[in-house]
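Chemist: Take this structure, written in structure tokens, and hold onto it; I'll ask about it next.
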Amino acid sequence: MPPKRDGEVLVLGIESTAHTFGVGIVSTRPPIVRADVRRRWTPREGGILPREVAEFFSLHAGEAVAEALGEAGVSIADVDAVAVALGPGMGPALRVGATVARALSAKYGKPLVPVNHAVAHVEAARFTTGLRDPVALYVAGGNTTVVSFVAGRYRTFGETLDIALGNLLDTFAREAGIAPPYVAGGLHAVDRCAEGGGFVEGIPYVVKGQDVSFSGILTAALRLLKRGARLSDVCYTLREVAFSSVVEVTERCLAHTGKRQATLTGGVAANRVLNEKMSLMAGLHGAVYRPVDVRLSGDNGVMIALTGLAAYLHGVIIDPGEAYIRQRWRIDEVDIPWYPWLPGDPPPG
């Protein structure tokens with residue numbers, strides 16, 4: 001990587017909201033992404049255990065930061081600001097990232113930039129696709145929401161009323177005995193199992209206004225298995241019903257807002273079938289569809305650094321002593337003063 005140049009701004013971002021401790025470093029000059037280091041906690045069985053995740057993060061945080069600086073070819077002295085995801089997410093995991101960020105900020109005198117994890121996923125999509133004003137479907141293990149920018153913030157136009165889409169897929173796969181691993185060769189266990197399957201009666205399609213619900217789908221799918229339904233049929237139907245419901249509420253948001261751009265972001269954004277459905281829907285409305293770069297679909301420090309860079313350039317900083325975690329920090333509670341700025345645009349002012 002080239003050494004830091006005059007007028008260049010470098011931001012280090014820290015992600016620690018769930019299973020991944022990520023450190024990213026980005027620049028205002030090409031190449032924009034200078035480092036992308038990740039340490040992922042993987043359960044031996046079952047789901048995420050917050051305390052074990054926090055212990056894992058504590059062990060690997062220091063080496064991850066050092067590796068990112070080495071990958072970028074810079075020192076901490078070259079970094080202009082430190083950005084950190086303060087929520088939403090799991091408390092024990094968030095505290096590790098916040099502690100590391102506060103320490104770096106205080107020890108080295110670096111401005112601290114607070115970042116909302118959900119905002120960062122949407123901005124990762126905008127920044128990697130070049131879409132300035134899209135409707136965004138954000139689907140992950142802990143989040144399912146449809147948002148678009150209106151009057152200074154991302155507004156929620158639809159969301160899950162219970163569990164998230166990623167949680168539905170992972171929980172079903174685990175209970176059905178086809179995971180872990182949840183993802184292999186770029187395919188989720190449900191997708192692999194769905195090959196050769198067909199529709200089976202008994203799984204509800206639940207869209208309530210602009211919102212979706214998945215807990216009933218999960219219960220019905222597991223019940224069908226217990227009654228002897230073919231596993232491939234249940235996987236296929238569960239996937240088709242769930243994906244179609246989130247695409248429908250995204251379509252309603254496009255129609256309501258009149259916007260002509262759509263994107264898909266979050267961990268489930270890497271799913272080929274969901275991308276095909278989103279692309280078809282957008283095409284029917286004459287909208288441009290581009291999903292987030294698959295390399296930034298899952299949790300990562302780069303998206304925190306990118307969002308932190310945008311926020312920092314527009315004056316969003318806090319005192320390290322005010323860097324409190326917010327486990328339930330909603331995306332529509334965050335002001336976005338940089339919108340519709342994209343990397344490569346002239347700096348503000």
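Each residue, glycine too, has its Cβ placed from N, Cα and C.
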Chemist: If Swiss-Prot gives Tyr138, Val139, Ala140, Gly141, Gly142, Asp170, Asn271 as binding substrate, which of Asp191, Asp293 does it give for that site as well?
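Modeler: It is Asp191, as the record lists it for that site.
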Chemist: What does Swiss-Prot list, out of Asp6, Asp233, Asp299, Asp319, as binding the same Fe cation as His117, His121, Tyr138?
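Modeler: Among the candidates, Swiss-Prot records only Asp299 at this Fe cation site.
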Chemist: How many Å separate the Cα atoms of Asp191 (substrate binding site) and His121 (Fe cation binding site)?
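Modeler: Pair distance, Cα basis, whole Å: 23 Å.
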Chemist: So among His117, His121, Asp299, all listed as binding-site residues, which is physically nearest to Gly141 (substrate binding site)? Use the C-alpha atoms.
Modeler: Asp299
Chemist: What binding-site residues among Val139, Gly142, Asp170, Asn271 are found with a C-alpha within 10 angstroms of that of Asp299 (Fe cation binding site)?
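Modeler: Hits: none.
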Chemist: Using C-alpha atoms only, work out the spacing between Ala140 (substrate binding site) and His117 (Fe cation binding site) and round it to an integer in Å.
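Modeler: If we compare the Cα positions of Ala140 (substrate binding site) and His117 (Fe cation binding site), the gap is 12 Å.
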